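Asks: Below, the features straight out of TrEMBL:
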- 45-63: transmembrane segment (TRANSMEM)
- 83-105: transmembrane segment (TRANSMEM)
- 112-134: transmembrane segment (TRANSMEM)
- 140-163: transmembrane segment (TRANSMEM)
- 175-195: transmembrane segment (TRANSMEM)
- 207-229: transmembrane segment (TRANSMEM)
- 241-260: transmembrane segment (TRANSMEM)
- 306-326: transmembrane segment (TRANSMEM)
- 334-347: compositional bias 'Basic and acidic residues' (COMPBIAS)
- 334-365: region 'Disordered' (REGION)
C-alpha cells in the first residue's frame with residue numbers, strides 16, 4: 001500500500017512538472033506529459049556495429065588481396081595508365097557531375113555542398129568486391145582504390161575549393177584527414193597480407209578468396225541495411241536529393257566505363273574503372289558532413305550519403321546481373337564458334353599443306 005501511494009505521488013509530481021505543452025522536438029508524449037530522454041542507443045549501437053563492420057571489412061580486404069599477384073600489381077604502379085584513367089574519373093568526372101546535377105536541379109546551397117562532397121570522395125572498398133564478381137582486374141581495382149584514397153588528401157580540398165565557391169566557403173568544410181588515413185591503413189595492411197598469402201600459398205589463397213568474396217557481398221548489403229536502421233529518423237528529405245542520389249551513381253558507372261573504353265583499356269579493365277568510379281566512400285562523406293554542419297543544416301541533407309550508397313549498390317547489382325547473363329550467353333556462343341573454327345582450321349590446314357608440299361606447322365598438330 002505504501003509503495004502504491006509513493007508511486008501515485010511520483011506520477012502526480014511528474015505530471016505537474018510536465019504540464020506545459022509538448023515542444024515540437026518531444027520524443028515521448030502522453031496527454032499533457034512530455035518526456036525528452038537522452039537516448040544514446042543509436043550512438044552505442046553505431047559504435048558497436050562500426051567496430052564489427054571494420055573488422056569484417058579488414059578480413060574481406062585480406063581475402064581480396066589473395067587474388068592479387070604482386071608482379072601484376074607492380075606493373076600497374078610502374079605503368080599507371082589504368083590508374084591515371086581512374087584518377088581522371090574519380091577526381092574529374094565525379095566532381096563535375098556533382099556540380100552539374102546541383103545546378104540542373106537548383107538545390108539549396110547546403111544540399112549542393114553535400115552532393116559535391118560525395119563527388120569528391122575517393123572510391124570505396126566495396127568496389128573491390130564488386131570488381132571480383134564481374135571478373136574485373138583485381139590488381140587494377142585495389143591499386144586504384146589505394147591511390148584514390150591517398151590522393152584524396154590533396155585532391156578533395158582542391159576540388160571542393162573549385163566547385164563550392166558559388167555556394168559556400170570551402171574553408172567551412174572540415175576534412176577528416178585522420179579518417180582518410182585510417183581508411184588507407186585499413187586497406188593497405190590486410191591487402192598486403194593477402195598478397196603475401198597468395199604468393200606463398202596459392203591454393204589456400206583461392207579458398208580464402210571464395211569465402212571472402214561471399215562475405216564481402218553480404219557485408220555490402222548489411223552496411224546499407226544497418227545505415228537505414230540507424231538513420232530511420234532522417235528520411236524526410238527533399239525529393240530533388242532522392243533524384244540526384246539515383247542519377248549520380250548511374251552516371252558515375254556509365255561515364256567511367258565510357259572514358260576507360262575511349263582510353264583503350266580492355267573490357268575487364270573498363271568494368272573495373274566503371275565500378276571504381278561509381279562506388280564512392282559514402283562513410284567518409286557522412287563523417288565530413290557531420291563535422292562541417294549544424295544540426296539544423298543536417299536535417300536538410302544528412303541522409304543523402306545513405307541514399308547514394310543504396311542506389312550505388314542497386315546499380316552495381318544490376319551491372320553484376322547483366323554481366324552474368326552476358327557471360328553465360330557468350331560462353332555458349334563462344335563454344336559453338338570455337339568448334340566451327342576448329343573444323344574450318346583443320347580443313348584449311350590440310351589444303352594449305354597440300355599446296356606447300358605437305359608441310360604443316362607444329363601448332364596445328
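Glycine residues also receive a Cβ, built from the backbone N, Cα and C atoms like all the rest.
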Asks: Taking residues 6+ outside the transmembrane segment (83-105), which of them lie with a CB under 8 Å of any CB in it?
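Replies: Answer is 76-77, 111-112, 115-116, 118-120, 122-123, 140, 143-144, 147-148, 151, 155, 159, 162-163, 167, 240, 243-244, 247-248, 251-252, 255-256, 259-260, 263, 265, 273, 276-277, 280.
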Asks: At a C-beta cut-off of under 8 Å, are there same-chain residues at least 6 beyond the transmembrane segment (175-195) that contact it? List them, or none.
Replies: 54, 57-59, 61-70, 73, 122, 125, 142, 145-146, 149-150, 152-153, 156-157, 205, 208, 281, 284, 287-288, 291
Asks: Short question: which residues 6 or more past the ends of the transmembrane segment (112-134) have a Cβ under 8 Å from it?
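Replies: Residues packing against the transmembrane segment (112-134) from afar: 57, 60-61, 64, 67, 86, 90-91, 94-99, 101-102, 141-142, 144-145, 148-149, 151-152, 155-156, 159-160, 163-164, 167-168, 173, 180, 183, 187, 209, 213, 216-217, 219-220, 223, 241, 244, 248, 271-272, 275-285, 288-289, 301, 304-305, 308, 313, 316, 319-320, 323.
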